Amino acid sequence: MARRLAAGNWKMHGLSADLAEVEALCAAPQPERCEVLLCLPATLIDRAARLSAGRIAIGGEDCHANPQGAHTGDISAAMLKDAGASHVILGHSERRADHGESDALVAAKVLAAQAAGLVAILCVGETLAERDAGRTLEVVSAQLAGSLAQGADPANLVVAYEPVWAIGTGRVPVEGDILAVHAALRADLSARFGAAAADIPLLYGGSVKPENAAQIFALKDVDGALVGGASLKAADFAQIIAALNAA
Ligand SMILES: O=C[C@H](O)COP(=O)(O)O
């Protein structure tokens with residue numbers, strides 16, 4: 001069975017003062033049945049990792065596909081690792097949309113992250129138009145296949161299903177839709193990785209809040225969440241962590 005993971009994604013939020021939220025989360029009693037991760041802007045990773053001292057995991061939000069080089073403004077997986085990150089989000093729909101990231105680029109980033117010793121959190125998810133056209137499973141399966149190159153390591157992989165239309169909108173798919181997508185992802189991963197697929201955590205992301213977390217975590221093949229807005233405040237995120245721990 002896959003380990004459970006409550007992952008926060010601060011996106012482009014967070015100044016030094018907001019490290020107080022990391023501190024608060026670290027000071028709270030840690031859950032026994034799930035792992036806690038905060039993926040933060042690169043500027044906060046080193047300080048957050050020192051503050052955490054291993055009580056929670058700290059991650060990055062993206063990395064370059066190359067190990068180093070002339071890529072002004074980019075950050076490598078090794079740099080994230082060096083700063084104290086253990087995970088990195090890759091292929092988030094906001095990266096795919098804002099920066100035109102293709103599946104092939106995301107696949108290269110997954111390999112780069114894993115080569116540097118990071119766990120890659122690979123995001124997939126359909127747009128509203130794709131959903132309305134009944135193409136959700138086709139789109140998500142194609143993204144997954146295209147974003148995993150030969151050599152991708154299932155032991156250092158997390159997959160997050162994030163319907164684009166549910167991100168930051170307060171809209172959440174009905175339970176049957178989440179179940180269907182997670183079952184399809186698990187089947188695709190099994191076809192690719194065999195028995196090792198059972199241990200790959202499958203996260204749901206998109207408007208997860210303290211109010212709906214328990215309902216989502218009760219679903220089969222939902223091993224946790226990738227949480228945006230509700231991870232910014234320790235008090236909110238702690239409620240989501242508690243719901244996962246109790247699921
Ligand atoms: O990575 C997190 C997702 O984009 C979800 O964001 P949200 O919880 O603010 O909807």
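Glycine is treated like the rest: Cβ placed from N, Cα and C.
The feature substrate binding site is assigned by TrEMBL to N9, W10, K11, G168, S207, G228, G229. In the structure as shown, the Cβ atom of W10 (substrate binding site) sits within 10 Å of 21 other Cβ atoms.
Non-local contacts of H92 (active site, electrophile) by the CB criterion (under 8 A, 6+ apart in sequence, same chain) comprise N9, E61, D62, C123, E162. DSSP classifies H92 (active site, electrophile) as coil under the three-state reduction. Residues or ranges marked as active site, electrophile by TrEMBL: H92.
According to DSSP, E162 (active site, proton acceptor) is assigned to coil rather than to any helix or strand. Take the CB of E162 (active site, proton acceptor) and look out to 10 A: across all protein chains shown you find 26 other CB atoms. Feature annotation from TrEMBL assigns active site, proton acceptor to E162.
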Local Cβ density at K11 (substrate binding site) - other Cβ atoms counted within 10 Å: 19
Least surrounded among the binding-site residues, given as G168, G228, G229, when other CB atoms within 10 Å are counted: G168
Fewest-neighbour residue among binding-site residues, criterion Cβ within 10 Å, set N9, S207: S207
For substrate, whose listed binding residues are N9, W10, K11, G168, S207, G228, G229, the greatest C-alpha pairwise distance in Å: 14
